[in-house]
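Features reported for this protein in TrEMBL:
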type	residues	note
COMPBIAS	374-388	compositional bias 'Low complexity'
DOMAIN	70-338	domain 'G-protein coupled receptors family 1 profile'
REGION	365-388	region 'Disordered'
TRANSMEM	59-80	transmembrane segment
TRANSMEM	92-111	transmembrane segment
TRANSMEM	117-145	transmembrane segment
TRANSMEM	166-184	transmembrane segment
TRANSMEM	235-256	transmembrane segment
TRANSMEM	277-297	transmembrane segment
TRANSMEM	325-343	transmembrane segment
Amino acid sequence: MSRYQVLNVSVRFDYSDMLGNSTDISDINMSEESGDFEMEEPCGSAVSSDFNKIFLPTVYGIIFILGIIGNGLVVVVMGYQKKVTTMTDKYRLHLSVADLLFVITLPFWAVDAAKTWYFGGFLCVSVHMIYTVNLYSSVLILAFISLDRYLAVVRATNSQATRKLLASRVIYVGVWLPAAVLTVPDMVFARVQSIGSSNLFMDEHGDVETGDSRTICQRIYPQETSLIWTAVFRFQHILVGFILPGLVILTCYCIIITKLSRGAKGQVLKKKALKTTVILILCFFSCWLPYCVGIFLDTLMMLNVVPSSCELQQAVEKWISVTEALAYFHCCLNPILYAFLGVKFKKTARSALAVSSRSSQKVNLMTKKRGPISSVSTESESSSVLSS
């Protein structure tokens, strides 16, 4: 199941009360002329079951592995420094922690997409909350980083106190607190629900069929207000998760580009800084813009603001499923863009790797010097070295 479905309206019609003891579906009168109810014939699902069961788990697995390696390495290197001194280091640590916690939720969604939700109600709510808080905190931290770089470049002479305040205090109020507040809908609406054979739906040919029995974990809104809730939370996702941080990032980096483009001093360093800045802008918008455009268009069609057809709905559904994976891939790029490109960070990383290599060599040397006396003593000595 795609995580986009967390923000999606799941429309299914339960006809068990209408069927009563009858098992003949033809007994149900679904004629619009009967006046009992109106039902718009839904389009067939464009994203097949095989797509959900193969593509999504594969992509989530790749993002999980790359995200753990990249962000984990950043955290290890930062831990090697022992003391996080600069504002840049603090932002790197916040960003890596947020991305690490985000990718940790992906194996759960991969299993959910491939099979069903096996993990119960408590983990359903918990994983939703971890997913939400770190999804929003990651992009908001990127906005804070761009603001910090703006102050460092454009307001270099009198911005040290402001930068220190932003990195040490304001980030908790401006990033982690809003991200935590945005998990309230998960606490209220996220839950596990079993979809059994009594749930019937119209297929693309207009025939009524029974759905496969499976367990889902997603936000389930009250039926009478589900459309409103879905639209509100989608627009919130687009506003807080893309538009606001995107505007800050674009504005700050454009001003930085203008500032660096002036003057003739340090042309080599300026060109490198300009190139890095442009890459940061392109990566953010390339990853998140296509996904948010898809959600926005789908919401407008859902609200009947934009006329829709089966072909358009199917195209948008495919678009969202693919661009969602691209958006999540941004958490794998963050360690490269915001850490490994830095000269100081690369030096620290090399030092950490060198220390680790020397430590392992010392362990091997100690083991060789002691040598095997007997099978019993060798096992005992190896255990003591590894535990020390």
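Each residue, glycine too, has its Cβ placed from N, Cα and C.
Caution: TrEMBL annotation is automatic and unverified by curators.
When Cβ-Cβ distances under 8 Å to the transmembrane segment (235-256) are tallied for each of 92-111, 117-145, 166-184, the top count falls to 117-145.
Over the domain 'G-protein coupled receptors family 1 profile' (70-338) the predicted model carries a mean pLDDT of 87.
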